[in-house]
Amino acid sequence: MDAPGGGGGGGGGGGGVDAGEPVWDWGNLLDFAVHDDDSLVLPWGDDSIGIEADPAEAALLPPAPSPQPAEAEAEAAGPASLPSSMQAEGSKRRVRKRDPRLVCPNYLAGRVPCACPEIDEMAAALEVEDVATELLAGARKKPKGAGRGSGAAVGGSGGGASRGTPAEMKCQVPGCEADIRELKGYHRRHRVCLRCAHAAAVMLDGVQKRYCQQCGKFHILLDFDEDKRSCRRKLERHNKRRRRKPDSKGILEKDIDDQLDFSADGSGDGELREENIDVTTSETLETVLSNKVLDRETPVGSDDVLSSPTCAQPSLQIDQSKSLVTFAASVEACLGTKQENTKLTNSPVHDTKSTYSSSCPTGRVSFKLYDWNPAEFPRRLRHQIFEWLSSMPVELEGYIRPGCTILTVFVAMPQHMWDKLSEDTGNLVKSLVNAPNSLLLGKGAFFIHVNNMIFQVLKDGATLTSTRLEVQSPRIHYVHPSWFEAGKPIDLILCGSSLDQPKFRSLVSFDGLYLKHDCRRILSHETFDCIGSGEHILDSQHEIFRINITTSKLDTHGPAFVEVENMFGLSNFVPILVGSKHLCSELEQIHDALCGSSDISSDPCELRGLRQTAMLGFLIDIGWLIRKPSIDEFQNLLSLANIQRWICMMKFLIQNDFINVLEIIVNSLDNIIGSELLSNLEKGRLENHVTEFLGYVSEARNIVDNRPKYDKQRQVDTRWAGDYAPNQPKLGISVPLAESTGTSGEHDLHSTNAASGEEENMPLVTKALPHRQCCHPETSARWLNAASIGAFPGGAMRMRLATTVVIGAVVCFAACVVLFHPHRVGVLAAPVKRYLSRNYSS
C-alpha cells in the first residue's frame with residue numbers, strides 16, 4: 001500500500017517521531033504481508049466492489065442535472081456585481097464570508113486536497129456559524145430585489161457583463177472540465193461539477209478518489225467508510241452536530257460530557273464523535289478511561305469465565321490531575337465467576353487432566369482508532385506493542401480492517417503475563433498511551449479491547465462516567481470442522497446466538513489477511529448435512545451460517561481465526577487450523593480419542609460444542625508451532641516461554657502415543673530452529689529448561705525412528721490389556737518424566753517455569769455454554785504406556801516362536817488323524833509318497 005506523499009498522515013501524532021528518524025516502512029506492520037489495497041479491505045458490498053473493479057470514470061459519473069435558470073442568473077452575477085444600494089441593503093443581514101480556500105496558495109497551485117490545518121479550522125468555524133444562524137433565523141429565502149438587482153446589473157452592463165463574472169471556471173477533474181459558471185457558489189468555490197461531486201469515484205492524479213462533501217476536497221477511497229459521502233474525520237464532527245441522540249438503551253448516562261457521544265454500537269462506524277478537535281503538538285494529552293461494563297444478554301447459565309485467558313475484578317483509578325493522563329480501568333462483568341469456575345471444576349464430567357493444557361494461552365487485543373489511515377501505520381508500532389506487554393510474547397499476529405480503523409492483534413504468551421495484564425490493565429494502558437514517542441499520543445479518543453475488557457480512552461479527562469451497557473453481544477458457540485487442508489476450499493458451519501443483527505459481518509483472518517468468503521444463513525427449519533460427516537443437524541434455537549472460502553494458499557500453514565461482528569459489537573473468536581493432509585487425517589483420530597461420544601445432551605449443537613472445547617487449546621498451539629515465524633521472531637525461538645510450549649506439546653503427544661502428529665511437530669522443529677542449531681546446543685553448557693527440551697527432542701526422534709516396532713508393540717498392548725488394567729492412567733494423565741523419557745524428574749516442566757511457579761491450565765478461547773464441558777473418553781479407548789505391560793519377546797525370538805507354533809500345529813494335526821481316522825492315513829500318505837518318489841528318481 002503506497003504511503004501518501006510527504007508522510008503527512010503521521011505528522012499530527014503528537015511529536016512522537018524524531019526528525020532524524022528514517023522513513024517508516026508503511027507496508028509492513030505485524031507481518032501483514034500487504035500486497036495491495038484489496039488485501040486489507042473486506043468485501044463491504046456490491047457498491048464498493050463495483051467502484052474498485054471499474055476504473056472507467058465515465059461509467060461512475062451520474063448524469064449531470066441542469067441548474068435552474070433563475071438560480072443560475074442569480075449566482076452568475078455574484079456578489080461582485082451588486083450595486084452599492086444592494087450592498088447597503090444586504091448589510092442589515094448576515095453576509096456569508098468568503099471561503100478562505102480561494103486565497104490558499106496550495107489550493108490555487110492545484111495541490112488538491114491541500115493540507116492546511118488553519119484553513120480547516122476556519123472552515124469549521126464557518127460551518128458552525130452557518131448552522132447557528134439557520135437555527136436562529138430559520139430557513140432564509142432569497143430576496144426578490146436581489147435577483148432583480150443582479151439581473152439589472154448584468155443587463156445594464158451590456159457588452160461589458162463579462163467583467164463582473166469569472167473569466168473561466170471549469171471542473172478540476174481531468175477529462176471532465178465542465179463549465180461551472182452557472183452552478184451555485186459552493187461548486188464554484190470548490191471547482192467541482194455536479195457529476196464529479198456525486199460520483200462514487202473519479203480518476204484524479206492517477207488515483208481513484210471521491211469527493212468529500214464536508215471538506216470540499218477529493219480523498220482516496222480508503223478515507224471513506226463503505227458508501228459514505230464524507231470522510232471519517234469530518235463525519236465525526238458533522239454527526240455530533242446534526243444527528244439526534246439515540247434512545248436511552250445502549251447510550252452513555254446523561255451526565256457525560258458534551259464533548260463526546262457514544263452509541264451502543266461497540267464496533268460500528270462513527271459511534272465516537274468528537275466536537276472539539278485540537279491537535280497542537282505542544283499540548284499535553286488529557287484522557288480518561290471511562291468504565292464501560294458490558295452486561296451481555298447471554299443464555300441462562302452461560303460460562304463467561306472460559307472466554308479469555310483472564311477475567312479480573314473491576315478496578316477504578318481516578319486521577320483528575322491535568323498534567324497526567326488519567327484512566328479508570330474496568331472489566332466486563334463476569335457474573336458468578338468464582339461460582340461458575342468452582343462448579344465447572346467439581347463437575348464429574350469435566351476432567352482437566354484429560355484435556356490439553358497450554359503453557360501459552362492465546363488472547364486478543366483490539367485497537368479502534370478514529371484518525372488513522374491504514375496506509376499510514378508505521379512499522380515501529382509493533383515494537384511498541386511488544387514493550388507494552390512488558391515481555392516479548394511468544395506469538396503475535398495482527399490484522400487491519402476499515403470501519404474507522406480497527407487493528408486486531410492475536411497474542412500468545414504465558415499465563416502469568418495474562419494475569420499481570422488482567423490485574424493492572426489500567427496502568428498498562430496508561431503507559432501505552434503516555435510512553436515516550438508513543439504513536440497513540442495526540443491521536444484523540446479511541447477504544448482498546450483486551451479480551452473481554454473494553455477501555456474507552458478519551459481526549460478530555462474532565463469528566464469520568466461509569467456506564468453499564470445493556471446490549472446483546474454476538475456469541476459463537478462452535479465452528480465445524482475445526483481444521484482444513486491447505487490449498488483446498490474451506491467450507492465450514494458457524495453456530496451462535498445473536499449473530500444475525502444489523503451490520504452483520506463475518507471475519508476469517510489467516511496469515512495476516514482477511515480472507516474473502518461467502519457467508520449465508522441457513523434457516524432454522526432447514527435440515528443440512530454437516531461437512532465431512534453424514535450427520536444431520538436440525539436446530540431451532542441457534543443461528544447457523546455457512547461460510548465458503550474458495551481459494552487458500554497451498555504452502556501456508558498455521559492458525560486462522562473466525563469472528564462475527566454486528567451493531568452490538570464484536571463476538572468471541574474461535575481458532576481453526578490450516579495444515580497438511582496428513583495432519584488433518586491425524587487430527588480426526590485425535591478428536592475421537594479426546595472426546596469420544598457423549599450422551600449428556602441430545603442437542604446436536606450442544607454436542608458439537610462439547611466436542612470442540614476439548615480441542616481448541618490443542619489446535620491453536622499446533623497452529624502456532626507449524627506456522628513459519630517472521631524475521632523478528634527468530635531471536636525469540638529459544639526463549640523460556642517458547643521452549644516450555646514445545647515441551648508441553650511433545651510431552652502430551654508422547655504420553656498419549658500420538659506418534660504421527662509427533663513426527664509432524666519434530667519435522668517442524670527441525671525446519672524452524674534447524675538441526676544444526678540443536679546439535680550445537682547439545683555441545684555447550686545449558687540451563688535446565690534447555691536440557692529438558694533437548695531430552696524431549698531426542699526421545700521424540702527415537703520414537704519416530706522406531707515407529708514400525710512401536711506400532712506393533714502398541715497393537716499387542718491394546719489387545720492384551722483390554723479391560724484388565726482398570727488402574728491404568730486415562731488419556732492425558734501426566735506420568736513421571738523419568739518413566740516416559742528416562743531423564744531425571746527434577747527437570748520437570750513445572751519446576752522450570754520460574755515465571756509462574758505453578759501448573760498452568762489453558763482457559764478456553766470461546767465463551768462456552770454450561771453444558772460445554774470436556775467429556776470423558778470411553779473406557780475402551782485406552783492409550784497405554786509400554787511400561788504398563790510386561791516385556792514381550794521380539795526380533796529373532798518372535799520368529800522362533802512362530803516356527804515352533806507352526807510345527808506344533810502340524811504334529812498335532814497328524815496325531816489326530818492317526819488316532820481318530822486310521823483308515824484315512826493311507827489316503828493322505830499316497831500323495832506324499834508319490835511326491836517323494838518323484839523327487840528321488842529325478
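Numbers run from 1 along the shown chain.
Quick reminder: no glycine exception, Cβ is built from N, Cα and C everywhere.
Feature annotations, reproduced from Swiss-Prot:
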- 1-22: region 'Disordered' (REGION)
- 59-97: region 'Disordered' (REGION)
- 69-85: compositional bias 'Low complexity' (COMPBIAS)
- 140-168: region 'Disordered' (REGION)
- Cys171, Cys176, Cys193, Cys196: Zn(2+) 1 binding site (BINDING)
- Cys212, Cys215, His219, Cys231: Zn(2+) 2 binding site (BINDING)
- 228-244: motif 'Bipartite nuclear localization signal' (MOTIF)
- 236-256: region 'Disordered' (REGION)
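Local packing around the Cβ, expressed as the count of other Cβ atoms within 10 angstroms, is greatest for Cys196 among the binding-site residues Cys176, Cys196, Cys215, Cys231. Summarising the environment of His219 (Zn(2+) 2 binding site), the number of other Cβ atoms within 10 Å of its Cβ, over all protein chains shown, is 21. A straight line from the CA of Cys215 (Zn(2+) 2 binding site) to the CA of Cys176 (Zn(2+) 1 binding site) spans 21 Å.
Confidence across the motif 'Bipartite nuclear localization signal' (228-244), taken as the mean pLDDT and rounded to a whole number, stands at 69.
The Zn(2+) 1 site, placed at the center of the C-beta atoms of Cys171, Cys176, Cys193, Cys196, has further neighbours from the same chain whose C-beta lies within 8 angstroms: Lys170, Gln172, Val173, Glu177, Ala178, Ile180, Val192, Leu194, Arg195, Ala197, Val202. The secondary structure of Cys193 (Zn(2+) 1 binding site), as reduced to three states from DSSP, is coil rather than helix or strand. In this structure, Cys231 (Zn(2+) 2 binding site) belongs to neither helix nor strand by DSSP; it is coil. In the three-state DSSP scheme, Cys212 (Zn(2+) 2 binding site) is classed as strand.
DSSP assigns His219 (Zn(2+) 2 binding site) to a strand in the three-state reduction.
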